[in-house]
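Database features, via TrEMBL:
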type	residues	note
DOMAIN	1-427	domain 'Major facilitator superfamily (MFS) profile'
TRANSMEM	39-56	transmembrane segment
TRANSMEM	68-85	transmembrane segment
TRANSMEM	91-114	transmembrane segment
TRANSMEM	126-144	transmembrane segment
TRANSMEM	150-171	transmembrane segment
TRANSMEM	238-264	transmembrane segment
TRANSMEM	276-295	transmembrane segment
TRANSMEM	302-324	transmembrane segment
TRANSMEM	336-360	transmembrane segment
TRANSMEM	372-392	transmembrane segment
TRANSMEM	398-421	transmembrane segment
Amino acid sequence: NLVSVTFGAVNGWTSPSLLILRNPETAVGGVPITLEEESWLSSILYLAALFFVPFFSHVSQTLGRKSAGYVTGAAFITGWLFIIFGESITLYLVARFFMGIGGSGINVFITMYCGEIAEDTVRGSLGTFRGLLANVGTIYMYAAGPYLTIPMMATVSVIIPILFVVALFFLPESPMYLMTKDKEEEAMKSLLWLCGNKEAADLEMEELKIVVTEFKTNASKRFSLKDLLSFKGTRRALLLSFILAIVQQFSGIYVVLGFCASIFEMAGTDLSPHISSVIIGFMLLTGSLLASFLTDFAGRRILIIVPQIILFLMLGALGTYFYLKEIGFDVSVLGLLPVICLSIYCIALISGLPTLLYVVIAEIFNPEARGIATLTVNGVVWLLAFLIIKFYPILLTIIKGYGCFWIFSGVCILGAFYTYFQLPETKNRSIESILRELNGETDKNS
């Protein structure tokens with residue numbers, strides 16, 4: 001998960017960097033960045049991530065999980081090197097594209113590798129590390145970025161993916177992958193490394209053989225996208241996943257991450273934009289910690305609905321603050337309202353859909369359909385992230401800050417209602433009972 005720290009830094013990089021690039025005294029070549037360049041610089045990594053989802057899925061399945069990890073790390077290293085040595089916005093755009101490739105790799109590589117090398121008792125906890133460490137990277141960029149030049153930010157940041165690639169070399173390949181390729185001897189060596197003793201490794205091997213046999217038996221039953229649309233239950237599950245992905249992206253998560261300092265500069269609070277951004281970074285980390293504790297204790301529906309209602313209130317209040325400022329109201333009397341709203345927003349946000357979306361996907365699709373469903377939803381998530389970040393700076397000039405945040409607020413409350421009426425509770429339920437409900441074969445209360 002060292003590479004997750006890098007992606008957090010990549011997401012947070014635009015927050016201090018855009019302020020530098022807008023200033024004629026610090027901009028590249030002394031020419032301030034244009035609105036069009038700003039929108040592309042912020043969004044192009046999500047476009048790259050969208051394009052490379054199938055690539056990383058293919059590499060993981062054919063060449064191995066570690067190969068996907070090496071490509072992921074190399075993409076981030078290349079991106080940071082372009083920023084270190086680049087002296088134009090064009091080269092910065094190339095850098096961000098490579099970083100998007102790395103972001104796509106993280107979603108595939110870390111999920112698969114960590115899930116396959118972890119014991120059952122710690123798999124859930126290890127699954128939260130990706131979000132936790134990404135937020136550490138964001139905090140680092142918010143805190144250090146304002147005091148560094150753009151090349152210096154990149155010089156410090158490139159150390160992390162380099163360490164990741166070196167450390168990955170010493171880790172074993174996934175035993176699951178090796179067994180699917182009929183490399184039992186290598187899989188046993190990997191298990192010995194992971195378990196620490198032969199007795200435990202032998203036990204794991206016996207379980208692994210059963211899983212792999214079932215995996216190969218079901219390989220012929222794997223779904224295509226056409227198959228997903230052929231059955232009522234999977235059609236409904238896919239629609240649920242798409243709606244939840246839309247709600248997640250329109251909650252403004254990447255807008256806040258990428259434009260944090262700019263939002264506070266626009267708000268004109270007493271605290272500096274950089275200090276406010278650091279506070280928000282810590283709130284994101286708090287939300288991640290909260291999510292890791294709550295996920296296995298409460299139902300999925302309540303952990304989506306309650307945060308969405310809180311997001312509706314916080315984003316609505318923030319939009320109202322910007323509207324009052326726009327019409328000339330003295331917002332100084334409202335003091336730290338933007339900081340308070342965004343702090344609560346961050347805790348609620350990370351406690352909800354960003355953590356639970358893929359948990360829900362894993363629970364509402366049968367195993368044969370889960371792979372193609374996850375791949376498809378990943379594509380939707382990256383596409384929406386690109387479109388929202390690409391057009392956010394442009395929308396600011398058309399409907400202003402209050403219009404943007406009111407739209408985000410409206411989508412959040414609609415998402416809460418949709419979840420209440422449409423999403424079945426999946427916690428502590430068998431996949432068979434969930435699929436029966438999605439197929440309309442049983443009352444939801446049964």
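Glycine residues also receive a Cβ, built from the backbone N, Cα and C atoms like all the rest.
The average pLDDT computed for the domain 'Major facilitator superfamily (MFS) profile' (1-427) is 88. Between the transmembrane segment (276-295) and the transmembrane segment (150-171), fewer than three CB pairs separated by 6 or more residues in sequence fall under 8 Å, so the two stretches do not touch. Between the transmembrane segment (302-324) and the listed ranges 39-56, 68-85, 238-264, 372-392, 398-421, the one holding the most Cβ pairs under 8 Å is 398-421.
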